[in-house]
Amino acid sequence: MAELACFCYPHLENDSYKFIPFNNLAIKCMLTAKVDRKDQDKFYNSIIYGIAPPPQFKKRYNTNDNSRGMNYETSMFNKVAVLICEALNSIKVTQSDVANVLSRVVSVRHLENLVLRRENHQDVLFHSKELLLKSVLIAIGHSKEIETTATAEGGEIVFQNAAFTMWKLTYLEHKLMPILDQNFIEYKITVNEDKPISESHVKELIAELRWQYNKFAVITHGKGHYRVVKYSSVANHADRVYATFKSNNKNGNVLEFNLLDQRIIWQNWYAFTSSMKQGNTLDICKKLLFQKMKRESNPFKGLSTDRKMDEVSQIGI
């Protein structure tokens, strides 16, 4: 995760702003600079290489002292920064909006995936600039539309029906902020269209999840799509979701947290996010993740549980 101010800076033209991507030499200069505390939140002028991000965001970049940040010296950083600028320059951002826009925390991996989709000649985003920009504006939280299959970050499709598409995420192969844990495995489910979904299509998805992904929890980050994650990583997701929710509220980026379909979401996660929306502390909310929940009656009585052992997934074992 990183703020948009880590990728670009605003330049006033007439009554609105144009956004310009940082170059990696300017960032490198900022990372070595001694800056007064009162200037930590201001864009840094490297003199030689142009404007750099505010020094308060130093920890967002990978250095000898911080291996958890972005690999800003890769070509992928420049591609992501350019893509963000293209999207921001397609809309009007005024002086009253610019600080709010640049403070938005975005998923770096999501944006890298959109770059990969853009470069794939077989992908619809390669052929449609309008759909590409729409996808980016959704990813950076500017659009109130949800991420559907056409505007999704992408990955490897492992399941699809008339209503849903399930993607295996490819973060292990990323350049900008790869996941280093080789045991990482995670999926995302997007709706094909933002419209009411028939019970039969929900039933098909639940059957697929029950038999092929029975070692995983289905959760949501509140953005209109589902995530299918290992139970061992649920607490980590909870910390991130709670921190983002609080940060957005603090910065005035109040986005509706979408709880999604309770029949699909893991019961404990639904309880956690509901408690979070009510304003409870992180500790109170997280207790619900480890609490034994009363099993609800099967919402789909026709969904058979009669399967042979060799049909049950071994994924995640």
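Numbering starts at 1 and runs along the chain as displayed.
Any Cβ shown, glycine's included, is placed from N, Cα and C.
In Swiss-Prot, the feature region 'RNA-binding' is placed on 205-241, out of the ranges 131-167, 205-241. ATP binds Ser107, Val108, Arg109, His221, Gly222, Lys223, Arg227 as Swiss-Prot records it, and from the list Lys58, Lys59, Lys175, Lys188 the residue named for this site is Lys188. Taking the recorded positions Arg109, Lys188, His225, Arg227 in turn, the residue surrounded by the fewest other Cβ atoms inside 10 Å of its Cβ turns out to be Arg109.
Looking only at the region 'RNA-binding' (205-241), the predicted model's pLDDT averages out at 96. The distance from the Cα of Ser107 (ATP binding site) to the Cα of His225 (active site, for NTPase and RTPase activities) comes to 14 Å.
Taking the Cα atom of each, Arg109 (ATP binding site) and His225 (active site, for NTPase and RTPase activities) are about 16 angstrom apart.
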